[in-house]
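Database features, via TrEMBL:
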TRANSMEM  324-346  transmembrane segment
TRANSMEM  388-414  transmembrane segment
TRANSMEM  420-439  transmembrane segment
TRANSMEM  460-481  transmembrane segment
TRANSMEM  493-516  transmembrane segment
TRANSMEM  537-570  transmembrane segment
TRANSMEM  576-604  transmembrane segment
TRANSMEM  616-635  transmembrane segment
TRANSMEM  647-675  transmembrane segment
Amino acid sequence: CLCFCRLQTRNLQPTDTPRTIRPFLFLSLDLSFPPSLSLLSISSAMEARGSLALPTLISLIFLLLSIYHGQCFYLPGVAPQDFQKGDLLNVKVNKLTSTKTQLPYSYYSVPHCRPKTIVDSRENLGEVLRGDRIENSPYEFKMREPQMCNIVCRLTLDAKIAKEFKEKIEDEYRVNMILDNLPLVVPIRRLDQGSPPVYQLGFHVGLKGQYTGSKDEKFFIHNHLTFTVKYHKDMQTDSARIVGFEVKPFSVKHEYEGQWNENTRLTTCDPHAKRTVSNSNSPQEVGDKQEIIFTYDVEFEESDVKWASRWDTYLLMSDDQIHWFSIVNSLMIVLFLSGMVAMIMLRTLYRDISKYNELETQEEAQEETGWKLVHGDVYRPPNNSELLCVYVGTGVQFFGMMLVTMIFAVLGFLSPSNRGGLMTAMLLLWVFMGLFAGYSSARLYKMFKGTEWKKIALRTAIMFPAIVSAIFFVLNVLIWGQKSSGAVPFGTMFALVILWFGISVPLVFVGSFVGFKKPAIEDPVKTNKIPRQIPEQAWYMNPIFSILIGGILPFGAVFIELFFILTSIWLNQFYYIFGFLFIVFIILIVTCAEITIVLCYFQLCSEDYLWWWRSYLTSGSSALYLFLYATFYFFTKLEITKPVSGILYFGYMLIGSYAFFVLTGTIGFYACFWFTRLIYSSVKID
């Protein structure tokens, strides 16, 4: 198997590989053969297979040596852990999350029951930026040993604590817990009895309701949790692996007799009398001087789900038809544009080039019309050419980051069990892609006859990250003012600065140095000394109009998938359909390239040679539609009411739209750059 672990011949099965990795195995073998298996018997069995027997035997020898002597490691988050009966299971708590405020808080920011010592788990860069705060908890289980009505702690609320709980209940905050790297979920049964349940991450802190016959709205807290731990048992070793972690929260006003002490038995929930908590119990109200007793039950349920497939329930897609509709919709756009490009390239251009090459007399040359007339100006450097070089270099950096991240995600290396792995990978790839950013910006700058490559390198390394960092810093100050765990700590900010100036900036300079040392890209035609006058353009060739039109189709190719991405980000859901996303990404590249080529051809035929910036802005304008769609999504799908939360939403969507602009603009620019070089190198210029 593609395994990064210490191999053991006794138990290793191909099914031990997580499903997110399994499609990309280089080798899948059942390694449960007896150690006494001899190489001689293998060799004799292979003699009949022809000339490949010897190299295959050598390969197998090395495989066996690696099995018995290999020292390897697991990819983070995909290592199975076996538990024997009675083994201690430690439940960890994560942040409190709300789709109404988008401000995460540490679990212990509200006075929940605490262990004797709170221990923070080590978190990666992506987890810190996501606002994850993983800590230990007072909830402890023993493997395959059910427990009933365990008392965690008893709290007496004062006015301040009651107000904190009410605020969290009002904002619909959810409690997130983790067991064996699996997030806690609440199963919601569907109306269709045959369909599997829908899983919601975490349980609500509490709920609002009314007593019968009363119109006063009260706040009730979920103080009793019924956990269900699902496990898959190994019949040979009697060990088990955890494959599910579910909970049913209850609000119950616990009662007891006499004075409270450590040995007090509850009358509402008694393991000795087999009395369990149900929805018929009186709920626990939140208020001043209210006594709350926190309890929990633990049930263990054997499951046929194997450890390798335990994430399937979390990542189950019930709406994959919508994704296929999105793919088909996008492909129709691509086919339409491809037809137009093919018509231009194979019919119009072929006819034009043949006609231009057949012109013999000066009089005929003077009568020519169309794109050939501007051949002496089409490669004239544009205004603000340095800024264009910077944006193109940044776009190459962003494109490289997205492409490699997408490939790794499709290959299953960015498992959802590795929290924060996706964001960490994107940040690191952005840093290392600075090499290509510097190279591409310097190559283009030298083509424009530039000489100060260091200035371009510095601007390429600084401009985009500086703009994003400024917005991010303002948003972080707002989050910090709300005392949210989503505020990035100073140490993490310092680490980001080190990545930026310590690695990314030097790599940009290295790339720029290499790119500037290369011979300059030669233009296929000479540029006239005096610029040609651009004739008056038709209304539909107005730069603003054509740019805005050009962004519609690229956005149309991705907007359905964009809905699911926004839902996963802002409604706290898993997004792991990277196969669909990768297809949409390819379609986006093709759409941006084709729409830019089509509009660039029409522009040149109108004798307008100012195509450099327009090619970038044509496909880049799709970012405007992305931001408008994000605004529509905010008002129709989200229930954000707090001003700070709204500012956070639009701030982060502004960053996302800006990055989308740089990405799509660069794709369109290079497509148009290739197109112009192709057509102008195909005609004879006197």
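We count from 1, first residue shown onward.
Note that Cβ sites are derived from N, Cα and C of the backbone, with glycine treated the same way.
Counting Cβ pairs closer than 8 Å to the transmembrane segment (460-481), the top stretch among 324-346, 493-516, 537-570, 647-675 is 647-675.
For the transmembrane segment (647-675), the partner stretch with the highest count of Cβ pairs under 8 angstroms, out of 420-439, 493-516, 537-570, is 537-570. With a cut-off of 8 Å on Cβ pairs spaced 6 or more residues apart, the transmembrane segment (576-604) and the transmembrane segment (388-414) reach 3 or more such pairs and are scored as touching.
Most Cβ pairs under 8 A with the transmembrane segment (420-439) among the ranges 324-346, 388-414, 493-516, 537-570 are made by 493-516. Counted over residue pairs 6 or more apart, the CB atoms of the transmembrane segment (537-570) and the transmembrane segment (388-414) come under 8 Å in fewer than three pairs, which marks the two as apart. Remote same-chain residues near the transmembrane segment (388-414) are listed as 18-24, 75, 382, 421-422, 425-426, 429-430, 433-434, 436-442, 444-445, 448, 450, 456, 459-460, 463-464, 508, 578-579, 581-582, 585, 612-613, 616, 659, 662-663, 665-667, 669-670 (criterion: CB distance under 8 Å, separation of at least six residues from the stretch ends).
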